[in-house]
């Protein structure tokens, strides 16, 4: 009886209005907080300087290309102390993400838009990974903004603990999720394309507000702040941006023959394929793209594109011609003309900077970029000595980075980008 009287008193006429006023006040405060002038908010606690694995290393000098400091990094990496440093495992991340508030605070994720301009231009990301949970955490933290959207595709062959750790990280954010369908990714096969398509579909259905989609892998890292990325995307004015060039003759074998996955490897079966169901010739490119939401919608819904993708499923490395070709189909939103004058090289496209071993050399003698010391599948794994040069290219992201090969390169780049982003907030 007393409880009924209390409920009646609690929800009496004036009290109802009190709760309505309270709810309105909370909503108003939240909106004002998002749109307030950021210079009145102190983000100093989000700096990453103290995370430097060694106080002996000066990241400012590294970024300036100081030869002595870069040599110090190499020597530091050889020390027993550094090699035996504590590293977080999949299980560490599973445990840490059990308390999301603590995880977000400890890992210093940015939880508010840093500017009105960024808040008004949300970006979607597709991230394809299969191992190295700390790299995923570092990548996500470096690009994370609460107004953006993130789909993480975990290879179905990955360790269960890695998947659980990725799910744990994603569960701490309302705008981060693991793809609804996971593929068993085989190198150079259609499964790599399908992984991105799964995230495309999920991101398209999740939110209608994002402007552009950028696809990444676990060994990519940004070389621009979110604000810089937003401004570069705005300059595209709805056009897509990716590598798309005339198909070289030596790559035609890749789509003229039928391929199948045999014992975990893509194998040429020796049989000829029919001509692709397109009037557009095939163009060469890469797996990396920056595409508009309208492009994504067209790819997911257009029947001719669906037929083309079905045809491409038994070819070699379809990701290296599929997106490039779709970008040259006249009806596709944000596409380019078929004319060779519109060919776009990997150095001209902003999606990703990759240093190929066979193009490295003396820049003063015409090489596109200087040499690199460590390579994986002919691709440079960036070290601390590459950062000074790397920060002068116009690309949004670079590939590859690896904490097991050069932790300092990632740490110094991470520090630099975070400081640069927060520095813009000062009056």
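Every residue gets a Cβ built from N, Cα and C, even glycine.
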Same-site glycoprotein binder from 279, 310, 320, given that Swiss-Prot records 243, 251, 254, 341, 358: 320
Per Swiss-Prot, member of 105, 211, 224, 400 binding UDP-N-acetyl-alpha-D-glucosamine alongside 128, 129, 130, 155, 156, 157, 187, 377: 400
CB within-chain contacts under 8 A for residue 199 (disulfide bond), separation at least 6: 126, 127, 128, 151, 152, 153, 179, 215
DSSP three-state assignment (helix, strand or coil) for residue 380 (disulfide bond): strand
The region 'Stem region' (33-121) [mean pLDDT, rounded to integer]: 87
Minimum Cα separation from residue 243 (glycoprotein binding site), reported as the residue among recorded positions 156, 172, 400 that achieves it: 400
Alpha-carbon spacing, residue 400 (UDP-N-acetyl-alpha-D-glucosamine binding site) to residue 341 (glycoprotein binding site), which is rounded to whole Å: 30
